[in-house]
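So that you can see what the record holds, here are the features copied from TrEMBL:
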- 15-39: transmembrane segment (TRANSMEM)
- 51-69: transmembrane segment (TRANSMEM)
- 125-256: domain 'Palmitoyltransferase DHHC' (DOMAIN)
- 169-193: transmembrane segment (TRANSMEM)
- 219-244: transmembrane segment (TRANSMEM)
Amino acid sequence: MAPTHVLRCCQRGLAWIPVIFIALVVCWSYYAYVVELCIFTIPSIGEKSKFVYLIFFHLSFIMFVWSYWKTIFTNPANPSKEFCLPKAEKERYEKEERPESQQEILWRAATSLPLYTRTGAGAIRYCDRCQVIKPDRCHHCSACDMCVLKMDHHCPWVNNCVGFSNYKFFILFLAYSLVYCLFIAATVLQYFIKFWTLCRRKSAENCPKNELPDTQAKFHVLFLFFVAAMFCISILSLFSYHLWLVGKNRSTIEAFRAPVFRTGSDKNGFSLGFRKNIAQVFGDQKKYWLLPVFTSQGDGLTFPTRLVTADAEQATVTLQPEPDKSAVNIPVSPLSESQNRLLNSDQHLDVLHYTVVIVVV
C-alpha cells in the first residue's frame, strides 16, 4: 500500500511540470516584452508606441491568465448520487458473475434515469471503477481516476480534465493565448527585423535612429518572436479544431467514437444546429461569452439530442436490451428542464409539420 501511495503522489507531482513550464514561459514573456522591449528598446525608437503596446498587452495578458487559471483549478463535474446503484442492488451486482444478470440489474436501476446512450453492444454504460451508471457523454478519466461529465479530454498542459464544468474556460484559454501570441509576434516583428541590422557601435547615443543598439535586449526580442510564433502556430490548429467541435456539439471523444443511441450510433446525435450548439457551451447571454465565467447550459447530466427532439412520441418510447438479455422495459424519461430550454417554437412547428404529413399520408 505504501509504495503505491508514494507512486501516486509522485505522479501527481510530476503532472504539474507542464503547467510550471507554461507559467515560466509566460512570466519570461512578460519580462521580455514589458521590460526589455517596451522600457529598454522602444524608448530609443518612439515613446507613443510604448503606451499603446502596454495597454493592449496587459489586456490580452490578464484575459489569458484568467482563463488559464479557471481551466486549471475548476474541478471536473462528476455524476450525482442518483446515478449510483442502491446498496442492495450494488451488492447483488458484485455477487453476480454472469454479465447478463449484471445487465439486468443495471437495466432496472436505469429505469428512472434520463439515459439515451448505450455501449456499442447496446448495454447500460457502467463504470466499475467509480461504481456509477454513466450519464450521457460521461467517461472515466484514468489520469484523474474519476468519471467526468461531458468529458472532452485530459489536458496535461492544464493538469486537469476538460469537461462540462470547464470546457468554456478551455476554449477561452485557447482564444486568449492565441491573441496573446499573435499580438506579441506582430508587435515584435519590426524590432526583430531591426535587430538583424544591429548597429555595432558601443553606445546607443552613437547609433542611428533607424537601428538598435547591440544590448541584451536583442536576445530577449529574438527569442520572444520565435517562441510567440511557434506557440501561435500550434495553438491556432488546436483552437480551430475545438471551434469545429463546438459548432458540431461534439467532444473530442465523440469525434473519434460516435455515441450509440437506441437507434444506433450517430455522430450528430447531440447536434441541435449551429446557434444552439454554441449556446450549449457559451450560454444564452452573449455579454458573458468572452468572460471566463461559467454560463454553459444544462447540468451536465442530461443533454437535448437531435433524435429526442425530433421524436414526437419520445414520452411513450421504451428501451429494450438485446434479445439474449433480460427483457426489462426501460421507459425513457421526459425531457428535463435543461433540455426543454433549448426547444423553441421552431422545433415544435417541425414536429407538428411532421405529424400532419404522416396523417395525410
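Using the three backbone atoms N, Cα and C, a Cβ is placed for every residue, glycine included.
Those TrEMBL annotations? Automatic predictions, nothing curated.
From a predicted model like this one, the values you see are computed outputs, not experimental measurements.
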In the same chain, which residue numbers or ranges, 6 or more beyond the ends of the transmembrane segment (15-39), come under 8 angstroms Cβ to Cβ?
50, 53-54, 57, 61, 64-65, 68, 72, 143, 156-159, 184, 188, 191, 216-217, 220-221, 223-224, 227-228
Mean pLDDT for the domain 'Palmitoyltransferase DHHC' (125-256), rounded to an integer?
88
Take the domain 'Palmitoyltransferase DHHC' (125-256) and count its residues per DSSP category (helix H/G/I, strand E/B, coil), listing them in that order.
68 helix, 18 strand, 46 coil
